[in-house]
Each structure stands twice: as structure tokens, then as C-alpha cells.
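The next block holds one structure in the form of C-alpha cells; read it before the comments.
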Amino acid sequence: MVDRIPPTLIVPIAGTTFFKLVINVARRFAYPFAPALSRGMGVSLSAVTSLIAINQVTSLLGALIGPLSDRLGYRRMMIVGMAMLGLGMLAAAIFPFYAVVLTALLLAGLGKSILDPAAQAWAGSRVPYRRRAMVIGIMEISWSGSTLVGIPLIAVLMERYGWRSPFLLIGVLGLTGMIVLFFIIPPEPQQGRKAASTSPYLGVYAELLTNRPALGAMGYAFFVSAANDNLFVVYGAWLERSFGLGLVALGLGTSLIGMAELVGEGLTAMAADRIGVKRSVFTGVSLSMAGYFLLPWLDASLPAAMTGLALLFLTFEFAMVSSFSLCTELLPGFRATMMAGFYAMAGLGRAFGALTGGAVWLDGGILATGCLSGALTLIAIVCLVAGLKGWRQTIT
């Protein structure tokens, strides 16, 4: 059948998923271990958190590189992303200075911003649309897996071998990934690439910015991500204030959110193709909007609050991962550019949500936070409805 996944893609999909997990761990491990990193480098905690904040810029830089993936080939850029991760992390392991660690994390972030759009564009070009949500859902398990598996392993490494050990391990795995992906990802046809000249390069952005479905998807990415981070940066403060949770309990709460993300990704892999990708996106985002509006009314009971948070993050993850599959078909000739633009707008949205979240929480508590996140999600739905009006997927 035309919509079945070729057996020759099983190993490339599995390998890509594993190395996406590695690069996600590199992107996320500095958050919980910022105090250990600050002590190891002999700098203040604020210096490490500033390092983490600067790393967010890489999602915007990824948008500039997306067109190169469409021209030079998805396989080649996936290899480049892993090489940047490996070289940067090994440099930090060998030269444990603040400037080198800053550079290493920037390279890891940039490598992720190159690898993710290229990997999803590669899946979009090789996997039939009717099975694409399953494949991308499997690949995105690497995100929740980085929290559930990768971060605990990093904790063990740092406790036993010191704060530099994760950089060494991730660096070795990064260079290993560069080599492995070279051999397991099939080469792309030369005729599918475009000449990397300045005029076509800029023309890709004109194509992106004049395409209504693409603009609608990027607007959706901004507002839905802003809504989620508006809550994410303060949910710990809410649980602490309302229910008196300590650090250990908050850590368990974070694990619950990680499990919810995993279930959302698994649901995408198992159900989105059957339901329909577009329907899955709208179902997930509508349920998450309802969750934001209902969350303030769960303030009286800890079990109710934790259940509400878990369901909210589950539906959000289901919507987002389904969105990736949808977006790979909005600009079939420029898949990596489309995905890089989506990631860039999502990154801007997260930054906006993180900036507003604290102030909104301090001013109005969980009621204001829930209502603002719900309203932002409603705007995201409007953007997507307007963008997809009249759009029809044409590949069977």
C-alpha cells in the first residue's frame, strides 16, 4: 500500500529518535542542575541562568538556517546539527570555563534548531501523510524521554563523576550520532535540491510570508506556546502557595507532567492518523484551552489540581506534536523552512509567555493566569482556522 511505512525507514527513524533524545537532554539538563554548574565553574547562579536564557536565541537563528536544509539536503543538515552538539560539548568537557560552556550550550541549542526541522522535513518527504503523525509522534517521544530518562541519568553522572561528565558523554554521543546518521539516513536525490544562491534563499522567505496556511500555523505556534509558558513558569509557585508543596513534591509534580507529555506523544503516534491530523490538532488545542479556563476552579483540591495539570499538558502535547505533522504538508517544497519558522515563532511565544507569566501571577493569581492562557489559546485557534480556510491536503 502507498500509505505504509517502508521497512527501510525503520532503522533511520529509530536512530533519529535516539539522537534527538541526546540533543534534547543537552538542551534541557542545565535547567535543574544550574546550581551545580555554577559551583563547578565558580560563577554566580544568575550567570548560569543568563546562559540558559541566551540559549533561547538559537530557535530564532534556526529560522535562518531552514532554507539551507531545503537546498543542501535534510540528511546533511541533520549530520551538521549532531556535529555542532558533539564538538561543543567535548570542548566544554576539556576546557571547563564559563565562556566555553556558554559556547557549548549555544552550539547544542543551534544544533537542535537545525536537527529538529531537518528531521521532521525528512520524515515529511519520506513517510506517507497518512502515517506521518505516527512517525513524528514516535520521534517526539525524545522530548519527554529527555526528562524521564535523560535527566535522571545526568544526575547520577554528576553525582559520581562531577559536573563535567555530562558534557563528555553527550559530546561523544553527538559525534557518534554524526557518524551513525551519515550511514543510516538514505542520501537524497540531487534533483530535489535547489541552488544555494542569495536570490532563491531570500525568495524562500517571501514564499513563507505570503502563504496563508504557513502564516496561520506560525501565528498559532506563537500564541499556543505563549499560553503554555505563561502557566509553566508559575505552576510551581501556585502549587507551593495553595497546597504547601516542598521541593521533593514539586519534583514529583514535574515527573507527572513529563509522563503526561509522553502520553500525549504516544496518543499522537497511535491515534492522530486515524482521527485525521487536522482534527487532532483542533481537538487537542480546544481541550487544552478548556483546561486553562477550568484550572482556577481546581484550586481547592491538590488531587484535582494535579489531575487538571496532567490533562492540560497531555492535550497540549497532543496538539503540538500533531501540529508538526500538519505543518510538514503546508509548504511541501520548503518543509525545513516551514518547520524552522514554526519553531522560531514557538520560541518567541515561549519567551513572551515566560516574561508575562510572573507578572500576571503576582497580580491576579491562578485565576488571571488561567484566563490569560485560555484567551491566548483561543487566539491561536483563530489563527489556525483563518490560515487553513480552504486548504486541502493533496497527498494520499
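The backbone N, Cα and C atoms fix where each Cβ goes, and this holds for glycine too.
According to TrEMBL, the protein has these features:
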type	residues	note
DOMAIN	8-392	domain 'Major facilitator superfamily (MFS) profile'
TRANSMEM	6-23	transmembrane segment
TRANSMEM	43-66	transmembrane segment
TRANSMEM	78-111	transmembrane segment
TRANSMEM	132-155	transmembrane segment
TRANSMEM	167-185	transmembrane segment
TRANSMEM	244-268	transmembrane segment
TRANSMEM	280-298	transmembrane segment
TRANSMEM	304-328	transmembrane segment
TRANSMEM	340-360	transmembrane segment
TRANSMEM	366-388	transmembrane segment
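Same-chain neighbours of the transmembrane segment (132-155): 5, 9, 13, 16-18, 20-22, 24-25, 27-29, 32-33, 119-120, 123-124, 166, 254-255, 258-259, 261-262, 265-270, 272-273, 277, 280, 317, 321-322, 324-325, 328-329, counting only residues six or more beyond its ends whose CB sits under 8 Å from a CB of the stretch. The list of residues near the transmembrane segment (78-111) in space but at least 6 beyond its ends in sequence, with Cβ under 8 angstroms from a Cβ of it, reads 16, 19, 22-23, 26-27, 30, 37, 40-41, 43, 47, 51-52, 54-59, 61-62, 118-119, 122, 164-165, 167-168, 170-178, 181-182, 185.
Count of Cβ pairs under 8 Å against the transmembrane segment (280-298): among 167-185, 340-360, 366-388, the largest is for 366-388. Confidence over the domain 'Major facilitator superfamily (MFS) profile' (8-392), given as mean pLDDT on the 0 to 100 scale, stands at 87.
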